[in-house]
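Engineer: Structure below; questions to follow.
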Amino acid sequence: MKYAIVLAAGKGTRMKSNRNKVMHEILHKPMIGHLVDHLEAVNTDKIVVVTGHQNEQVESYLGDRVEYAFQSEQIGTGDAVLQAQQLHGKEGSTLLVFGDCALIQPETLNHIYEQHEGHDLTVISAQLQNPGTYRRIVRDNQGHIDRIIDYRNLTESEVSITEISLGIYCVNNELLFKYLPEIRDEEVTEEINLIRLVEILKKNGHSIQSLRVSDHQEFLGVNDRMQLNISNKWLQARVNAKHLANGVTIMDPQSTYIGTDVQIAEDVTIYPNNHIYGDTTIGTGTTLLPNCWLENAIVGENSTIDASRIINSEVKDFVTLGPSSHLRMNSVVGSHARVGNYVEFKNTRFGEYSNCAHLTYLGDAIIGNKVNIGCGVVTVNYDGKKKYQTEVRDGAFVGSNANLIAPITIGENAVVAAGSTVNGDVADGEMAIARPRQENKPGYGAKYKNKEGK
């Protein structure tokens, strides 16, 4: 059996934030979300998240995907692990990992679990020329791991050690809970620290190994905003490289941010300054011009999106959208439609071959096929208490600067004249004109212009 204990109880004071540290985002997803996703991807049998400070934020986000333990007082990693009593007595291997280690990839987690087989404790390590404040791995004369030392406790001869512990362990679960109570406070930090587990297991004759990794940044924890930025850049580069290898053209990878759950088909072209997140899919041949934001969006094939936002909405094939359009709240744009500049759709279905070129708001609307929506059209869908639906059926023409007061239905091939405010249904083939008559006053133009100050 494979288990994981995720430590997320710390205060994260160096982040200088009112948010729990592990809830800070990398590529628009909380750090702990990345880690739990990856643990689930390798079929971890049970994930226990140890919370403490601001626990409600973490528990609200993860919900019932994991189990929880609570550390009431932050007195060290050893004490935090001890709180995960639901794993006490279970046979298997347990990964001990911090909740801010968002970058560890599923294939790496699999490798750790596999390499741990046959050992009682596996310490994830790396070789650094300038190890700084990392804890050092001290070996005995036979080259076996003897202990892990905090950098503040290093002797003069130990300062030159370049093998570091990355603070991540895989351990025999039964032995973990057998020996955790033996860990005592660290003199320097006054905390119950997991590094003492190495000495305890060695003293009792158990098998200990290190698993040295080549890219220590994959295991980077995030303690401040600078490290958050470094992690974001690392993952951004990795995700973009994957899409480039799969046949996606990314004009400027440094200014293109693609979330880890996004799916992009080959021959998609992405211009600079685009953000693509959530469960977004983009079909082959589509082009994203600069300055788009897509989140939980479905974009079909051979469409062009120009400087626009698509959130929780769908765009079908051969659509032109933007510039500066905004689709939200389950809107759907049909194939071959055109949605132009400064157009907002909210909870609206917009039919095939329909056209809405500019400066329009359609909310809670059903628009048929081959419909023309003129400039400045507004669906008046809210009376201050309830939202109402507007329906415009196939082939209808709504002229510029028209207000459609919902609930209302505009029939097939009907026409709403420009400048009309319509509050009643329009039957198939009818024209609705709802505007004051124009009155021209001879000579008044000259009088107006000749007024003093004009």
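Cβ from N, Cα, C; glycine included.
Curation plays no part in TrEMBL annotations; they are all automatic predictions.
Grabbed the feature section from TrEMBL, which reads as follows:
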type     : residues                                                                                    : note
ACT_SITE : HIS358                                                                                      : active site, proton acceptor
BINDING  : LEU7, ALA8, ALA9, GLY10, LYS21, GLN71, GLY76, THR77, ASN223, ARG328, LYS346, TYR361, ASN372 : UDP-N-acetyl-alpha-D-glucosamine binding site
BINDING  : ASP100, ASN223                                                                              : Mg(2+) binding site
BINDING  : ASN381, TYR382, SER400, ALA418, ARG435                                                      : acetyl-CoA binding site
DOMAIN   : 4-127                                                                                       : domain 'MobA-like NTP transferase'
REGION   : 1-225                                                                                       : region 'Pyrophosphorylase'
REGION   : 247-454                                                                                     : region 'N-acetyltransferase'
Engineer: Where does ASN381 (acetyl-CoA binding site) sit in DSSP terms: helix, strand, or coil?
Structural biologist: coil
Engineer: According to DSSP, collapsed to three classes, what secondary structure does ASN372 (UDP-N-acetyl-alpha-D-glucosamine binding site) have?
Structural biologist: strand
Engineer: Sequence order is fine: just name those binding-site residues in ALA9, ASN223, SER400 with a Cα within 10 angstroms of ASP100 (Mg(2+) binding site).
Structural biologist: ASN223
Engineer: Under 8 Å Cβ-Cβ from ALA9 (UDP-N-acetyl-alpha-D-glucosamine binding site), six or more apart in the same chain: what's there?
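Structural biologist: VAL50, THR51, GLY52, HIS53, ASN55, PHE70, GLN71, GLN74, ALA80 - these are the non-local Cβ neighbours of ALA9 (UDP-N-acetyl-alpha-D-glucosamine binding site), listed in sequence order.
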Engineer: Please list, for the domain 'MobA-like NTP transferase' (4-127), how many residues fall into helix, strand and coil according to DSSP.
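Structural biologist: Going through the domain 'MobA-like NTP transferase' (4-127) residue by residue, I get 48 helix, 32 strand, 44 coil.
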Engineer: Take the C-alpha atoms of SER400 (acetyl-CoA binding site) and the residue listed as 'active site, proton acceptor' and report the distance between them in angstrom, rounded.
Structural biologist: 10
Engineer: At the Cα level, what's the spacing in Å between LEU7 (UDP-N-acetyl-alpha-D-glucosamine binding site) and TYR382 (acetyl-CoA binding site), rounded?
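Structural biologist: Between the Cα atoms of LEU7 (UDP-N-acetyl-alpha-D-glucosamine binding site) and TYR382 (acetyl-CoA binding site), the distance comes to 47 Å.
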Engineer: When a 10 Å sphere is centred on the Cβ of LYS21 (UDP-N-acetyl-alpha-D-glucosamine binding site), how many other Cβ atoms does it contain?
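Structural biologist: LYS21 (UDP-N-acetyl-alpha-D-glucosamine binding site): 28 neighbouring Cβ atoms within 10 Å.
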